[in-house]
Amino acid sequence: MGTRARRTKSPTHNGTSPGSSKEAGTTNGHANGNSIGRAKGKGTVRRMNSNIELSRRNISHDSSEAVTANLMSRESFSLDNDPDFKTAGSTKGNSNNVASNGFFDMPEQDQKNFGLLVLLYFLQGIPLGLATGSVPFLLKQHMSYGEIGIFSLASYPYSLKLLWSPIVDAVWSPKVGRRKSWILPIQLLSGIGMLWLGSHVEGMMAATGKTGGPTIWNFTGWWFFLVLMCATQDIAVDGWALTLLSPGNISYASTAQTVGLTAGQFLSYTVFLAFHSKDFANRWFRATPLDHGLMSLGGYLTFWGWAYIAVTIGLGLIKREERTRNEDGIWDVYKIMWGVLKLRNIQTIIIVHLIAKIGFQANDGVTNLKLLDKGFGTENMALTVLIDFPFEIALGYYAGKWSQEFTPMRLWCWGFMGRLVAAVLAQLTVAIFPAEGVTSWYLLVVIGEHIFSTFTNTVMFVAVSAFHAKIADPVIGGTYMTLLATVCNLGGTFPRFFVLRLVDAFTTATCTPPPLSKEAPYSCALQPDKDACLAAGGACTVQRDGYYSVNVICVALGVATFVLFIRPKVLRLQALPMRAWRLSGDASSSPKY
């Protein structure tokens, strides 16, 4: 009791004044220790499926005030004794205590907690990899591009979690724990949802959109629910990472997130697609061919549903959460967000983010589906992504180095132009699909095009993350960075729905019934009509493929917006002084655009 009374009168351990303790918390990437921040720094890895981009929190860039705020939020903190930074695994002589010698130099408790974080992030990656990667590929067998566009709405919660993250930070039960109050029920609901979906998903996919079957909106709703649970769990886990690890080892939180999410999505996207493919199984694992893969979507969901529930029970019974104090209220954080949104330069960069990815949407959202439509095969697609994965990691490293050598937004502009070129190359790759099917040379062409597209995407993502880290006000760094990352992600998700719908709208195809049929020719542009045509013995002839038209429109819009608006704006924004990005700055000092 005496400690709290003295805390308001005493300086912090690193010399920070009492009045700056609040600011220290926000610098830590969380509004006063809250998980709203998760400062999105340069430690980034682009998601392999490009449907959703998840930025990584690089806590090693935080200041000493961040570590101080982290210490003060702990149940064990007291001004009666100096904090033992040696147990934090910090580097000798490093007064900031924000760097560790290495993973194996950390205390045993930190190593265990690191493993727990990897596990929790890994569980998030399981449904995310399915919703944003595997399921759209599987749906192409049953649904049109427009219907897959509706399904793409399921990924929106991960791009909008900023809207409810203050609630996750402020509402919790002291008996259960600040983070476990959300993680336990969310994982339990996720597990139950996956169990239910696992027993119904195969039938739903086959019947969705058919007469008497569920609508695509009903099917999308279940996946929207799972992604919403993952996004909310991510908010809580990111906040818990700040107290699970010692102050000197907080930087390993971003490593845990990178390892866990990447592994989960890799398993649910690349590995699952390969083992779900009957061609892959018959080619590599069976002497006698069968008409199904080694793994079904329903069985995969059921297994991980039970795994979710088991981990949740174990977490609730075994792991104790250290008590922390609630600091800012919900409305305090929303007010900070609103203040940032009113900055003129922030409004400009938001517009840039919302329109910047239009030029690549047809390539990102349709090219792989079009390859499958032409007969590329899920096993070849899984192999392509599998080979692309190590290149993605290695090229991301070099992109990070270049972001240090060149100004971030100039590098971003180079990536932008490269990504437009990648969209054109992707269209040419689809256009030259061999009439005899996939050959070795064509598989190499697809892999090369995929690697180039991934590389340009990674360059843009790393560069813009570096720019965000540069301009963010450290006093409100968490809110600032999360807001920018949310808008950046939204710019890549909201156009996809419209692009996929336009592919169907621009496609012209006619079904010619079999010779003995009295039925007149009809349109088979949509997948259900095409399936019905082929099932009746007819031939579906495509007069105009909407993919080519939409991709040309997207690239043309990308070139026009880049030359006329985006490039001049971002280079001018990059040249602004830091005061132009601060809430306390003089508004008149910012250029008027």
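Including glycine, each Cβ sits where the backbone N, Cα and C put it.
Summarising the annotation, TrEMBL assigns compositional bias 'Basic residues' to 1-10. The compositional bias 'Polar residues' annotation in TrEMBL covers 11-35. Under the heading region 'Disordered', TrEMBL lists 1-45. Per TrEMBL, the feature transmembrane segment maps to 114-137, 181-201, 221-246, 258-277, 297-318, 411-435, 441-467, 479-498, 547-566.
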Contact ranking winner - 181-201, 297-318, 441-467, 479-498, 547-566 against the transmembrane segment (258-277), Cβ under 8 Å: 297-318
Result, the transmembrane segment (547-566) in contact with the transmembrane segment (221-246) (3+ CB pairs under 8 Å): no
Same-chain residue ranges lying at least 6 outside the transmembrane segment (547-566) that approach it to Cβ under 8 Å: 352, 355-356, 358-363, 366-367, 370, 413, 416-417, 420, 423-424, 426-427, 430-431, 499, 502-503, 506-507
Criterion met for the transmembrane segment (114-137) and the transmembrane segment (441-467) (at least three Cβ pairs under 8 Å): no
